[in-house]
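As given in TrEMBL:
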TRANSMEM  20-42  transmembrane segment
TRANSMEM  54-77  transmembrane segment
TRANSMEM  83-107  transmembrane segment
TRANSMEM  127-148  transmembrane segment
TRANSMEM  168-189  transmembrane segment
TRANSMEM  209-230  transmembrane segment
TRANSMEM  242-265  transmembrane segment
REGION    283-315  region 'Disordered'
COMPBIAS  284-315  compositional bias 'Basic and acidic residues'
Amino acid sequence: MGGPYAPVIAQLGGRPTKDVDVPICSVFLAAFLGFGICHMVLFRRNLARGHKFIPSAVTFGFCMSRVVANVTRIAWACYPNNISVAIAAQIFVAAGVLLLFILNLLYAQRMMRAAFPAFGWSRPVSWAFKVVYVLVVITIIMLITVIIQSMYTLDANTHRIDRDIQLYGVTYFAIVSFLPIPIVTLVLLFAKEKHVAPFGSGSWRTKGLIVFVAGTLLCLGASFRAGTIWMKPHPIYDPPAYMHKACFYVFNFGIDLSVVIIFLFSRVDKRFHVPNGSSKVRHYRGDDGAEKDGSVEQMQKDETERDIESSSRRQ
C-alpha cells in the first residue's frame, strides 16, 4: 500500500488557506472552547447538588472535538502538503456532530416516553433506539476507515467501494438527524399535556420547540453534507459553488455552534432531567414518592404501637 495521496476530487470547503481559514477557524475554536467550558461548569455545579445530567458532559465532549477539528484544520492550512494532517482534519469534522444527533434524539425519546409510556417504554421501541445508536457507532467507524483507505490507494474499484460506503454513511446520519422532528411533532399533536408524565422543568411545548429547532438545524446540515456527496464528483481544480468555504463553515461549525448555544441557554439540564434509574423502573416518577409514602406509613405504625403500649400500662 502506497500513499498517502493528495485528494483529486473536490471536497466541501476545499483545501484550507492561511488567509481565509485560519482566522475563521480561530474564531470557532474560541467559541467552542468557551461554550464547552460553560456546559462543563453547569455539569459540575449540578452534580455537586445531586442533579446528575450526563448530556451536559457529552456536549462538553462535543465542543472539545470541535476544538480539535479547528486546530487540525489550522494545521492543515499551515502545512497544506501534509496529507496525514488533512486526513485527521476530515475525520474530526465528520465524527464530532454525531454526539449532537444522539443527544437530540435522546431528548425526543424522553418526550415520547412521557407522552406515551406504554409505547415509549416498550421493549421493542427501546431496542429500536439502541439499534439506531449502535449503528451510528458502526457507521462512523466505517466512514473513518474509508476516509483513510481512500488516501492510501489509487485503485479505482476500491475508490468506488469507499464512495458507496460514504453514500450510505451520510444518508444514514441525515436520517438520524431527522428522526427527532417527526417524533416530537407527533407527540405535541396527539399527546394531551395534562396526561403527560412530568419530568424536568418548564412547559411541555417549550421542550418540544427546543428539540424541533435543534433537529431542524442538525438535519439541514446533515442533509446538505449528504447532498454534496451524492452529487456527481468534480475535479479538485474545478469545484462547484456548493463546495465553497462559506457553505462548509455555515453547514458544519455554524450550525453546530448554534445548537450548542440553544442547549445552553434553554437550560436543557433542567428541562430534560429525569430521575436516576428511570430506565430500570420504566417511569419518570423517581423514588421520592415511594420514600415519602414509606416514611408516613412507618410513622403511623410507630404511633399505633406507642398507643397500644400506653394502653397496656394503664390496664
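Every residue gets a Cβ built from N, Cα and C, even glycine.
Within the same chain, the transmembrane segment (20-42) stays apart from the transmembrane segment (127-148): fewer than three Cβ pairs sit under 8 Å, each pair at least 6 residues apart. Long-range contacts of the transmembrane segment (83-107) within its own chain (CB-CB distance under 8 A, at least 6 residues past either end) are made by residues 3-7, 11, 15-16, 55, 58-59, 61-62, 65-66, 68-69, 72-73, 75-76, 129, 132-133, 136, 140, 143-144, 147-148, 151, 173, 176-177, 179-180, 207, 210-211, 214-215, 218, 221-222, 252, 256, 259-260, 263, 268, 272.
For the transmembrane segment (54-77), the partner stretch with the highest count of Cβ pairs under 8 angstroms, out of 127-148, 168-189, 209-230, 242-265, is 242-265. Counting residues 6+ beyond its ends, the transmembrane segment (242-265) has Cβ neighbours under 8 Å at 10-14, 20-21, 24, 28, 31-32, 35-36, 38-39, 42, 55, 59, 62-63, 66, 69-70, 93, 96-97, 100, 103-104, 210, 213-214, 217-218, 220-221, 224-225, 227-228, 231, 234 in the same chain. Here the transmembrane segment (209-230) has long-range neighbours at 12, 97, 100-101, 104, 107-108, 111, 166-167, 170-171, 173-174, 176-181, 184-185, 242-243, 247, 251-252, 255-256, 258-259, 262-263, 266, 268, 271, meaning same-chain residues at least 6 beyond its ends whose C-beta is under 8 angstroms from one of its own.
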